[in-house]
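Step one of this worksheet: look at the structure below.
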């Protein structure tokens, strides 16, 4: 029944998704304003969702142009469906323009197809189809749309300051069948304090170093600019050997007497950096072999001492595991250095229930002072958990099982979704077990089958939660 309903809307679903994907909704603080708090792209994507909602007869409510909602249904209780329309930067290496959607016979290719524009449109159409069926709603629905999920969650922070908290809800921002627990997440900077000037003339001076754009992505590119005072050829040969030994791609060029070294890695989501290749940490590992100036030597030595090959926090003294949520993970997403202001490591740390975060951070902060570094802590989101046997969770899982015959149990993840904003919130799709996960990677795509099947599952789930008694 539900899949047949969705079939009637397939062309509309694709067309509306294409329109949303064509918006480059990457956060841009340089162009932020009161009318576009995280930049014009995210604001445009939010307005686009309002436009299709108004076209279809829904009421919307805007919250300071950084978040908002589409409203449906009636009743005392509220089902929240928490989506986001911002995306991470496209990065390099795409086979097509990431913001000009390519529709093939089987798939749609563009940045945001999986995370989270495709699932957002799927959830929207589930609501629209039920509305078109003139169902007798028993709950209200607030489809909450954010514009800063990929960075600081300013959108939901602002939204929930003034807006009604849903009774329960789900975020279509992960995987089926249902994710009922999420690790704690924090971002923080490890900031180098400027050291004394060099007493002796160093052989090499690190001018600048840059790797990474987002704390929650493994950097796939790194660049160092080094003033080489002698033996330039030897350094280049050593670098080429280093790349070969570590099975890396990279390059070396000379620009106005400055040696420019680059390393290419593999970008993946920061919730499991062990499956990526951190270009920045590898390039710092090579630089440690050079007789650098004092500041730079301290910077690269710190990286090797605490960060390189420490995806689970081992070198930081934070290794920890639970059976429910798994391991602490540690992603070094941003690395910067310049010879005027010293360096910074931007960290995305994720931790399971039971990890004594504050105690671990205090101990680490005290330890690294001796090496000229300090911790500047950002936002801390504690672990989030809903019992998988809760009737709400079971209704979602039943809808999934009815349409897939897959009896996989709900589980927990290291990623963070909007679900943690709710007392009774979970992540529900839209990826399936056979979906290729290219979130935050080049050539991101969603298959038409996945898009339509997710819409059908959301349709049944929302019906069971908001229409059936």
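Backbone N, Cα and C atoms are what each Cβ position is placed from, and that goes for glycine too.
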Check your understanding: Swiss-Prot has 115, 440 down as binding Zn(2+) 1; which of 71, 150, 409, 468 does it also list for that site?
Key -> 150
Check your understanding: Need a hand: Swiss-Prot gives 115, 173 for Zn(2+) 2, which of 84, 142, 180 is also on that list?
Key -> 84
Check your understanding: C-alpha of residue 173 (Zn(2+) 2 binding site) to C-alpha of residue 150 (Zn(2+) 1 binding site): distance in Å?
Key -> 11
Revision key, fill the gap. Out of the binding-site residues 84, 440, the residue with the smallest number of other Cβ atoms within 10 Å is 440
Practice item. Using C-alpha atoms only, work out the spacing between residue 84 (Zn(2+) 2 binding site) and residue 149 (active site, proton acceptor) and round it to an integer in Å. Key: 6
**Study point:** Remaining residues near the recorded Zn(2+) 2 site, that is with C-beta within 8 Å of the centroid of the site residues 84, 115, 173
**Key:** 83, 116, 119, 120, 149, 150, 171, 172, 417, 418
